[in-house]
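As annotated by TrEMBL, transmembrane segment applies to 37-56, 76-95, 101-124, 131-151, 182-205, 320-338, 447-466, 472-490, 982-1008, 1028-1050, 1110-1142, 1212-1234 (among others). As annotated by TrEMBL, domain 'ABC transmembrane type-1' applies to 330-615, 988-1268. Annotated domain 'ABC transporter' per TrEMBL: 647-871, 1306-1540, in sequence order.
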Amino acid sequence: MGENTPMDEFCGSTFWDANQTWWTTDPDFTPCFEQTVLVWTPCAFLWLFILIDFWYLKASLDRNIPWNKLSIGKVLFNVGLIVITALDLIMAFVKKGESNIPIYAVDIWTPIIKLATFAILLIFIPLNRKYGVQTSGCQFLFWLLMVIFSIPRCRTEARMHQERRDIINSQEATPHDFSWETYQFCSFFIFFTFTVFMLIFNCFADQLPRQTKYKRGPKEIPELSASFLSRITYSWFDKMALKGYRNPLEEKDLWDLRPQDSCKEVMPTFAYYWNKNVRKNYRRMAVGQETKAQFSNGKVSFENPQKNGKKKGMASIMPPIYKSFGGIFLFGSFFKLITDILTFAQPQVLSLIIGYVEDYQKAPQPEWKGIMYSILLFVLASAQTFILAQYFHRMFIVGLRIRTALINCIYRKALRISNAARKSSTVGEIVNLMAVDAQRFMDLTTYLNMLWSAPLQIALALYFLWQQLGPSVLAGLAVMIIMIPLNGFIASRIKTYQIRQMKYKDERVKLMNEVLSGIKVLKLYAWEPSFEKQVLDIRDKEIATLRATAYLNASTSFLWSCAPFLVSLVTFATYVLSNEANQLSVSKVFVSLSLFDIMKLPLSVMPMLMVDIAETQVSVQRINKFLNSEELDPDNVQHDSSKPHPMSIENGHFSWGDEDEMTLKNINMEVRKHNLVAIVGTVGSGKSSVIQAFLGEMEKISGTVNTVGKMAYVPQQAWIQNATVRDNILFGKSYDRKRYNQVIDACALRTDIEILSAGDRTEIGEKGINLSGGQKQRISLARAVYSNADIYLLDDPLSAVDAHVGKHIFEEVIGPKGMLAKKTRILVTHGITFLPQADNIYVMKLGEISESGTYSELLRNRGAFADFLMQHLQEGEAEEEEIDQIKRQLSQTDPALVAPFEKAILLARTESLSDSISVTSADSLMGGSLRRRKMRQNSYDSAASAASLKKKQENEGKLIETEKSQTGGVDFSVYKHYIKSVGIFLSVATLVLNFVFQAFQIGSNLWLTQWSNDKEVEHDTGKRNMYLGVYGAFGFGQGVFSYIAVVIIYCGCLRAAKILHNKFLNQVIHGSVCRFFDVTPLGRILNSFSADMDVIDEELPGTLDSFMSFIFMVLATIVVISISTPIFLAVIVPIAFVYYFAQRFYVATSRQLMRLESVSRSPIYSHFGETVTGVSTIRAYAVEERFIEESDEKVDKNQVCKYPSLIANRWLAVRLEMVGNLIILFASLFAVLGGQTNPGLVGLSVSYALQVTQTLNWLVRMSSDIETNIVSVERIKEYGETKQEAPWVLESDKQRPKNWPEGGRVEFKDFQVRYREGLDLVLRGVTFNISGGEKVGIVGRTGAGKSSLTLALFRIIESAGGKIMIDGIDIATMGLHMLRSRLTIIPQDPVLFSGSLRSNLDPFEIKTDDEIWKALELSHLKTFAKSLAAGLNHEISEGGENLSVGQRQLVCLARALLRKTKVLVLDEATAAVDLETDDLIQKTIRSEFKECTVLTIAHRLNTILDSDKVIVLDKGQITEFASPNELLSNPNSAFYSMAKDANLV
């Protein structure tokens, strides 16, 4: 060796000797290298990264870990290491001083460096204990490096010890003094043993801390106390995976949330930065206008970007997001950088391996190098696996936290937003901010780093490729760059098709919704085929669009499968053709190929990332707009207790946020303590607005509003939460049984609660769906009464309840003797009866108070109040006793008013439609003053059906549960069903084509190896061109087959989708009304038509396609590796085993976690939607805090399910990638050790192995996706078992007379019927005869079986005994369509479908225009239809919304006139029709249906007094059957008593 280097002098011996270390078959390091570099490297690592440990100490939420065996062990061994190292230092001076051996710098500096390092580690042990840090990655890695780096010295020391022994034992012994060396030998091995122990100690985590910021429950997530080793391998998740594999996970199996991710931890940080940002943006406020609206929830208060500051700009959510979550994000990005660099080390090692194999024949390299390269490749891949897992984990955490912060921020804002701002967006849009926009961030965080990582990867790849192939690389790059806009173009085409397909899908689902909602009417009219055809037409268009998309998808996949190939072809071609001297060597080929592979991902991700970022940008703008929108001014209402009265408004002018539009003017009002003040006035006069003004919901333009005390508010439209009845009434207050019962009785809720299936513990559906209007209103009132406030604002709480209930409530609750007698009350009302008991009355007119005073004062004034009274009476809805009472009051106060009053009543009388039947109803169904009259009669069905309702609800509970929550795997029969739908030929073709495609791919790669191994090519350009040509041909084959394979898979899947949909539709439309539609929620069927069909149309084909290609890729890899190293097959079995188990565990657990997550996600949004709708109630009761907490809980609960499913992904990734890394290890080891002489094959097999990790990972993802998606097929297949009704058409129908029924004779013979198996009979043995042409009225109280009679006539419900004959033919023997199309019905609710007016009258298009116009004329719609621009083609909106209810009823009449058969059933419309329309209908029916048999189900007796006969039904049996006159002359008949109730006799 030449010169002495500084390091040589530092040690006193050689520092680096290449002959000893590298160019040898027995490699070793020099002692100097072992004592310097191998010791200093771990120490340097520790000093570099110890800062991270300090940060963890600072960030820890826990304190004080008790001393335990582990920490004591750590201290003892650490002290031991310090002692040994100190001894080394002392001995160096002592020993060397004695024996005159020179002391070198290394003997002093190495121990000193070690001492300092061990000292800092010793300090950390108590620090970690004090701050509750249970494990440290930095320290674990230090000990690991220390142990690994000490191993070479172990070998050296052992050898030297052996040599010394040999010298001592040898014959010609000259006395040697080996004492220093022996000391070093002993001290080193003690040191090494201690280091190993420290490493073992650091594999475990410390005990749980004693003090924690948050209570640690038994369900604490194991991650918190997992050791570093367990964290990087995710082995702490094993328990969950095992549990999920054994039986389906449930919510109770999940762990608690990590405190760091909960709202309590995330919110304060975010709020702090948000408020700073708000202040910065709204800093230049006019002095003295510093209004800060704050949400105080513990620490979290959000400042309000108020409008009175001069805006510098909108406060944006981005800066607070960077500042709150940027730290973790950057830490994650650091990981990403490391993995990116590691990725590029792999091709370099690959070229070393290829070099090793190439030299094998000429001058073989020592074997240890080959082994080292293989192990190096494995270590690189494993390091990448662990670091990448941590990167994704970090990114997911950031995403989750951002989502948490945004959801909370939006929720809190929604509670404060002003009404004007709220009007600018619908509830749906606001909920979308949370559901869609906040979710976008979460999806984006994972990929955001690609922004810098992708260009970096591409640049590095190009740099290394340039080294291999020089400028030819640019040709390949050009191809890649051309691909990007091509893909962009295809993607934009796909997008247009997708938009079109969404449009068709919406149309189809909307139509299905109408069909399902109106299924009963469709069946009565026998119109199903027409609508089925409409649905199928839309579906065909949809399939056509999907097919076009499929071809485009195939072309993208064609481009992607060809891209890497084209790139390599172009690059290699350019390289060999540009210069004769350029020859392809094996290492060049395979290193370039693996570099091209690395480039593929970033290139494909970039365009997608751009789109995602653009979308997120839009989301940010939407969220900013919402968070910056105007809030309610807290100064709208003052709470000045020095004012004399609890509530007052002085000179108030108010608007609903539109400055120009004044809703209320000159309002002066005061409410004395304990008084009841009534506000009356016509519709739209501003009564409710006054109440909103008191609540501070209106924009105050001038004046003052003052309220003192706690408020309770009953809105006009009751706001009911999706919770139990009791929770709705308690509304967050504690349960006081005595008071609660008192409230329930006072609000007349006792009977309702008894009817409900679970009493007051019954869950109420969203928006109170399973309660009637009156019940909702009374629950809302009960909530107010229970809250025991000081001030009560009651906005027309009595409108939705019946008169006698209203009276009860007034007396028990609101009136002078009620529960609220000692409170201050404002009541908006329409009930005149209660006014005399009010202490003061304000009459509103056009937004002003027109007069006020007591009842008698107002009557004397003869002003607006008297007018209001008259108008109210003329509406003809006053009850008898109400009228008497008013008469009495009038005669006392102002006798002059009695005469006009009598006249008004008389007018109302003549039109009276008093309906004896439904006055008994428990409740009416709709709220709001306008609809009062309609409601009185609309309460059809409530009392008697209460009992059946109870039954129905008990069943309902069961019914709704019957939807199978899919657990466990999917039956094989489902796959079989799907494959059958795809078609056997297409299924086989797919497999074959994929196989051929992979064969071409392997072929082209083997051809490349052949080429690169061929040495003759250098001299023979013809041969070179032949190689190039064949290579190109292989590529062309690949492209063609990949294209056909994708097209075929998509076509097959679409064929299946079409078959499944049509079968499903057919089954549903043929479903029986009572046995299927009544027990299946429409939403669920509709969901299958939209969501499940969507999965089958769009997700399954793509998933199956990817699955196929991945499976064949894995097979190809195994084949290629086995060709090059057959011994590899021995390893494949255990590896496959491990893989299979990881996959089974994962799929079972992950599938269940995904389900739990989606189940726990919807409550967040529905709770938010509920809050937005009920925000004024929430503010009135001042319970915002509680709602914020509820929302936080729901978000946390969702995270509880979300977090494990993200971890499950990482858990799987780490395990599968390790399986892949083993494949890499064995493929390269066997290639090196197996004496393989063909470098091309080795290169091929190792580069295939390098790709396999990702492929395996994706394969599991895809297989679990298929399992998740196939569930949709399963669900749709289940609908194939729906209960069907009788066949529509029978052969025997053809023999029946064309114009049956000619006579129209109807006879019932001992007829019985029930709605479903297991329910009671509704008609019990009914027998009667109706001759042709007779007009018969059917009456009876609610639930007597009137409607069932008509349904039986149309066989909507099938007979349970007896029969019905029409013209002597038993209707049970006919096809349903034959029967239904020959009868005519005018149903009770006029159901219209969206489409033209014409299609609503004549869906099969068999009538001429003249006939239709004639029918319209007779039904008094002609003038209306003529006035429409489009005439008969006038579009009718969904449910006929753009026609008035009366017009809809007339359309139904026109339908009947068009069909005009011998038998007409008239199920009398109750609510909808005003008197005029009603008269028109009656007249038309009398004239047009003279010859026909008419059955009328009457709700109003005066319409059937002129019929030939009357049937009186009671409890499913006929009690009376005779002419009306006969029955009326008998005072004991039931008919007579009904007539008396209706004031007809």
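Glycine residues also receive a Cβ, built from the backbone N, Cα and C atoms like all the rest.
Annotations in TrEMBL come from automatic prediction, not curation.
What you see is a predicted model, and the numbers here were worked out from it, not measured in a lab.
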For the transmembrane segment (182-205), distant same-chain residues with Cβ under 8 A (at least six beyond the ends): 70, 73-74, 77-78, 80-81, 84-85, 87-88, 91, 95, 134-136, 139-140, 143-144, 146-147, 150, 153-154, 157, 160-161, 164, 225-230
Surrounding residues of the transmembrane segment (1212-1234) on its own chain - C-beta under 8 Å, 6+ positions past either end: 232-234, 353, 356-357, 367, 370-371, 373-375, 377-378, 381-382, 385-386, 388-389, 392, 1117, 1121, 1124-1125, 1127-1128, 1131, 1135, 1138-1139, 1142-1143, 1146, 1150, 1242, 1245-1246, 1248-1250, 1252-1257, 1260
Cβ pairs under 8 Å between the transmembrane segment (101-124) and the transmembrane segment (447-466), at least three: no
Contacting positions for the transmembrane segment (1110-1142) when only residues 6+ beyond its ends and CB under 8 Å are counted: 994-995, 997-998, 1001-1002, 1005, 1212, 1215-1216, 1219, 1222-1223, 1226-1227, 1230-1231, 1234, 1236, 1238, 1241-1242, 1244-1245, 1248-1249, 1251-1252, 1255-1256, 1258-1260, 1262
Positions whose Cβ lies under 8 angstroms from the transmembrane segment (37-56), at least six residues beyond its ends: 29, 110, 113-114, 116-117, 120-121, 124, 133, 136-139, 141-142, 145-146, 149-150, 152-153
Chain residues outside the transmembrane segment (131-151) and at least six past its termini with a C-beta under 8 angstroms from it: 38-39, 41-43, 45-46, 49-50, 52-53, 56-57, 60-65, 117, 121, 124, 191-192, 195-196, 198-199, 202-209, 211-212, 224-229, 231-232
Residues from the same chain, set at least six apart from the ends of the transmembrane segment (76-95), whose C-beta lies under 8 A from its own: 101, 103, 107-108, 111-112, 114-115, 118-119, 121-122, 125, 179-180, 183, 187, 190-191, 194-195, 197-198, 201
Arithmetic mean of per-residue pLDDT over the domain 'ABC transporter' (1306-1540): 84
